[in-house]
Amino acid sequence: MGSNFTPLLQRGLSSKLRFHRLDFSCFFERITPVPPKGETMTVIKNLLAGLVIGVANIIPGVSGGTMMVVLNMFDKIIGAVSEFRKNIKGNILFLLQILIGAAVGIVLFSKGITFMLSNYPMITNFFFIGLIIGSIPLVYKNAMAVKDTAAKGEKAKVGVGSVIAFVLAFALLVIIAFTQASEGTVDIHTVSVDFMLMLKLFFGGLIAAIAMIVPGVSGSFVMVLFGIYPLVAGAAAVVFPVNMDNWLGILFPIGIPAGLGILLGLLIGAKLIDVLLKRYTQQTYFGILGLLLGSLFDLWPGFQFNLQGLIAVLVCLFGFALAFLSSSERVKEYFLKKKQN
């Protein structure tokens, strides 16, 4: 009896231990954020996509929204923000991966952008101008791909509302260009931060965040319009190496109001852009087109016939090719497919 009972007892204890071991491992799987092996590459891709989007958003004229489309992330990001409550846990994890990647990109590349703006403003601005001109064909094609403005076999026609949106947006930026001096060479260490500047940083960050979502529009360019781009880029540049004087004097007073505005803009912007692009597609894109063309007046740094001038022209051509080629075929196919659905 004893000899028969012992194996049974051992098997029972063994199964009990296996059960508790499995239950214990399941418990840790629920509380740990480590992704399964099959999802590791997806996480890496999301982080890298966020990095590219972050870098794009610190360069005036480069559209983070366009990069989202090129990287096949536009639908995912818009859906994760605008339909956040449908899958809270999954959307949080996905957006965190994108935001972490974007933050890394901004911190790593902001110093280089700030250095170029301070020391080579003509070359840097010509690069931005080339990027903007290169993105104009994409925005125009998006506007003219509107399904309900053209009969079968006919090209879409430009509506009166679209013309008005274009003229108003273009005029707004031309007025800003001639009434506000360029701030491309602001010394971040000499800026006096008061309450009005904090409000400017907050609302500028809010509108810039909304613009970041729109393909063809640069969020950092909106910061240029508000005159806060050098401040935000400079604040990002002092994150590393850690220096409490820089953090307390620059990063916190500039980065916190701008960051709060950007966060709020991202939360409300996805839904707003989704509505505008669905209900007023052509008008929205023609307004974007007016903003892009009008921005050239503000970015024009003058021209000098010397070696820097030659480099500036070459850099401008490179910027045009980069924006045009990186966002032409794939983005065009994406939007044509969206309009047909």
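Note that Cβ sites are derived from N, Cα and C of the backbone, with glycine treated the same way.
Residues or ranges marked as transmembrane segment in TrEMBL: 47-71 (among others).
Taking Cβ pairs closer than 8 Å, the transmembrane segment (92-110) reaches residues 33, 43, 46-55, 57-58, 73, 76-77, 80-81, 233-234, 236-237, 239-240 in its own chain, all 6 or more past its ends. Annotation comment: TrEMBL describes 92-110 (among others) as transmembrane segment.
What TrEMBL lists as transmembrane segment is 122-140 (among others).
The transmembrane segment annotation in TrEMBL covers 160-181 (among others).
Annotation source TrEMBL lists transmembrane segment at 193-214 (among others). Remote same-chain residues near the transmembrane segment (193-214) are listed as 57, 63-65, 68, 77-78, 220-223, 226-228, 231-232, 253-254, 257-266, 268-270, 272-273, 277, 284, 288 (criterion: CB distance under 8 Å, separation of at least six residues from the stretch ends).
Per TrEMBL, transmembrane segment is recorded for 221-242 (among others).
Beyond its flanks by at least six residues, the transmembrane segment (248-273) meets 77-78, 81-82, 188-189, 191, 193, 198-199, 201-210, 212-214, 228, 231-232, 234-236, 238-239 of its own chain at Cβ-Cβ distances under 8 Å. Taken from TrEMBL, the feature transmembrane segment covers 248-273 (among others).
Under the heading transmembrane segment, TrEMBL lists 285-303 (among others).
Marked as transmembrane segment by TrEMBL: 309-328 (among others). Nonlocal intrachain contacts for the transmembrane segment (309-328), taken as residues 6+ away from its ends with a CB within less than 8 angstroms of a stretch CB, comprise 61-63, 66, 69-70, 122-123, 126-135, 137-138, 215, 303.
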For the transmembrane segment (47-71), distant same-chain residues with Cβ under 8 A (at least six beyond the ends): 77, 97-106, 108-110, 113, 128-129, 131-132, 135, 138, 212-221, 223-224, 229, 233, 236, 295, 299, 319, 323, 326-327, 330-331, 334-335
